[in-house]
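Among the features that TrEMBL reports, domain 'Heparan-alpha-glucosaminide N-acetyltransferase catalytic' is placed at 27-230. According to TrEMBL, the transmembrane segment annotation covers 33-52, 72-92, 104-124, 130-149, 161-184, 204-227, 239-257, 269-288, 300-321, 350-369.
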Amino acid sequence: MAVLRDNPPTQDQQTETPFPSRKTAMRLGSLDVFRGLTILLMLLVNNVALDANTPYLLTHAPWKGGVYLADLVFPWFLLAVGVAIPFAAASFRKKNLPSWRYDLKIIQRSIVLFGLGLLIVSSIARRPVFALDVLQLIAMAYLVAAWLYDLPAHRRAMIAGFFLLAYWAAIRYLPVPGVGRAIFEEDQNLILRFNNTFLDAVNLRGLLSVIPTSALVMLGSLIGDLFRLELSPLRRSAWLLVIGLGLTILGMLWNLSLPYSKTFWTPSYILLTAGLGTLLLGIFHYLVDTRGWHGWTFPLTVFGSNALFAYVVPILVKVWLLQRIEVGGVSIQQNILNFWRSLAGSYSGGWLYTLSYIVFWWLVLWVLYRRRIFLRV
């Protein structure tokens with residue numbers, strides 16, 4: 001895991017990891033902005049201090065309640081991971097190294113991401129824990145999608161479609177043990193039963209989610225292929241918008257058969273979030289790379305330039321320091337929240353706490369950006 005880069009990376013180098021470091025080529029300014037927006041949303045929804053007054057869009061949608069803003073963050077992370085894969089492959093090919101070296105690098109990156117995920121869940125539990133969470137799922141989905149990237153684009157699209165169709169068919173038509181028929185409810189469905197019966201015992205609850213999330217990362221790699229084609233920025237933006245709209249409509253139609261579910265990563269949820277993310281990427285590509293409107297993007301670029309750091313370090317600092325160290329019998333985190341509430345009231349103070357938290361980490365990332373210090377795998 002590298003931490004320091006003395007020189008600005010090339011266009012391919014900046015996207016050669018699941019969490020890219022930094023980009024200097026303006027052609028991909030939109031990807032940094034998209035990644036940065038995802039980081040910003042992650043910091044926002046994970047640190048809302050409004051209790052019962054939290055806006056519903058910053059919470060996860062209830063069962064069969066659609067998709068809220070908070071439900072977009074994780075799949076957009078996965079989409080960005082997939083978009084980076086073609087650049088990693090191109091960067092490797094330029095080095096004229098044997099293919100097994102690339103496969104080894106994929107495995108190495110996956111292991112590091114998985115290990116960082118275990119560090120986070122163990123830190124939260126305050127004891128060693130082996131369990132699947134965000135980074136672990138990203139690591140496994142990336143491993144599958146990156147390993148299959150050597151296949152032609154149409155075959156990768158077919159495999160991604162097969163993953164989603166097989167996952168849907170299993171949920172929709174296979175009888176749930178103990179029920180005797182296929183059913184998909186929040187407290188009773190095939191995935192939940194498989195988790196409870198088999199995977200919980202070996203601390204692998206959620207392992208089946210690798211199937212649909214791998215499909216999502218593979219879709220991201222197909223989107224990334226568009227950035228490698230010799231297309232004008234305007235045509236590329238148009239293609240992104242068309243593909244994004246198509247995926248969104250497919251997701252909405254699939255919702256009629258199997259509802260959106262972040263918990264169980266239903267195919268309708270995968271396609272809807274992939275489509276919305278691609279639409280947003282297309283809009284950013286038009287504004288930033290086609291029209292050249294770069295000035296407003298800098299705050300998001302700072303977030304997007306050090307995505308792995310922006311995800312891992314704030315969580316560890318919160319768990320190890322803000323929540324663990326007490327001042328006057330109260331955690332530092334609670335003291336900070338109490339300060340803002342005493343200054344501006346419960347509701348406004350809660351917002352000030354959240355915004356100050358985001359601004360603090362943006363400043364940290366800005367310092368790292370200025371000094372060209374990036375956490376990479």
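Placement of Cβ uses the backbone N, Cα and C atoms for every residue, glycine included.
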Remote residues contacting the transmembrane segment (239-257) - C-beta distance under 8 A, at least 6 residues beyond either end: 168, 172, 219, 223, 226, 231, 266-283, 285-286
Stretch in 130-149, 204-227, 269-288, 350-369 most in contact with the transmembrane segment (33-52), if contact is a CB pair under 8 A: 350-369
Same-chain residue ranges lying at least 6 outside the transmembrane segment (350-369) that approach it to Cβ under 8 Å: 22, 40, 43-44, 47-51, 53, 299, 302-303, 305-306, 309-310, 313-314, 336-337, 340-341, 343-344
Predicted model, mean pLDDT over the domain 'Heparan-alpha-glucosaminide N-acetyltransferase catalytic' (27-230): 95
Annotated stretches the transmembrane segment (269-288) and the transmembrane segment (130-149) touching (3 or more Cβ pairs under 8 Å): no
